[in-house]
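According to Swiss-Prot, the feature active site, proton acceptor maps to E181, an assignment based on sequence analysis. Among the features that Swiss-Prot reports, 3-methyl-2-oxobutanoate binding site is placed at D45, S46, D84, K112. If you look up Swiss-Prot, you'll see D45, D84, E114 marked as Mg(2+) binding site, on the strength of sequence analysis.
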Amino acid sequence: MSKITSSTLLKFKQEGKKFTALTAYDASFASAFDSEGIDVLLVGDSMGMVLQGHDDTLPVTVEDIAYHTRCVRRGIKRSLLIADMPFMSYATSEQAMTNATALMQAGANMVKLEGGHWLLDTISKLTERGIPVCAHLGLTPQSVHVFGGFKVQGRDSDNAQRILDEAKAIEAAGAQLLVVECIPAPLAKTISEALTIPVIGIGAGADTDGQILVMHDVLGISSGYIPRFSKNYLKQTGEIREAIRAYIDEVAQGIFPGSDHTFN
């Protein structure tokens, strides 16, 4: 199979083909996800919670992400690999450049940053220097203490308009992908239709161009709180590779996410 690139995902969007993404942190799981057809793998700062046992993502370091990016890179042949920029690793454009370079050298194809208007200059500088950017709007977990918890964003008209405006500005700044997390499905649909670049949803309804989940949720091995937007595919299939295929098939057919996994 041909390698997935940002151009591939753009073509999928133009053709109306839904694509799938998962988090991954090691070579073995990454290889399984890659070979079963997951299009995008994210070395997420979610590792702070699902691997390291923290209450949030804030303790994760650039070194943590780089280590796991190298591990995942060794396990994949096809999937596009995105690495999260962890908390405060891109507070300035100079920091962003240094840390994004380290993650690209670790094997990432793209880096992901959380935030809106304040990031526009950083996004432009990274893309101008050959570092592709995936942006992240809505519930941005690194800002959990500002939000007062893991809460749905964009439910009132003012915040919905702000998120839409930020999405358009981020695209204009040069971002090649956008993740929207925990926003009302109608808002996610509006954003996906308004942008040329592909939009990946998590807890954002079925009308985004792609879907992403945390691998621990898909495999039913998360401890503690289970997000409403997640689905345990291993429970219904009994085998890891079958679970991944079921996830891919349900996204392609528009079955997942259903109303039980969506906010309005």
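All positions are counted from 1 along the displayed chain.
Each Cβ is built from the backbone N, Cα and C atoms, and glycine gets one as well.
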Practice problem: Using the centroid of the Cβ atoms of D45, D84, E114 as reference, list every other same-chain residue with Cβ within 8 Å of it (recorded Mg(2+) site), in sequence order. | Solution: G44, S46, T57, V60, M85, P86, F87, K112, L113, H136, P141, Q142
Self-check item: Protein Cβ atoms within 10 Å of D45 (3-methyl-2-oxobutanoate binding site), excluding its own
Solution: 27
Practice problem: Between K112 (3-methyl-2-oxobutanoate binding site) and the residue listed as 'active site, proton acceptor', find the distance joining the two CA atoms and give it rounded to the nearest Å. | Solution: 13
Quiz prompt | recorded positions (D84, E114, E181), the one with most neighbouring Cβ atoms at 10 Å | solution = D84
Self-check item: Nearest-integer angstrom distance between the alpha carbons (Cα) of D84 (3-methyl-2-oxobutanoate binding site) and E114 (Mg(2+) binding site)
Solution: 9
Quiz prompt | Integer Å distance between the CA atoms belonging to E114 (Mg(2+) binding site) and S46 (3-methyl-2-oxobutanoate binding site) | solution = 13
Exercise. Across all the protein chains here, work out how many other Cβ atoms are within 10 Å of the Cβ of K112 (3-methyl-2-oxobutanoate binding site).
Key: 24
Self-check item: Between E114 (Mg(2+) binding site) and D45 (3-methyl-2-oxobutanoate binding site): CA-CA distance (Å)
Solution: 11
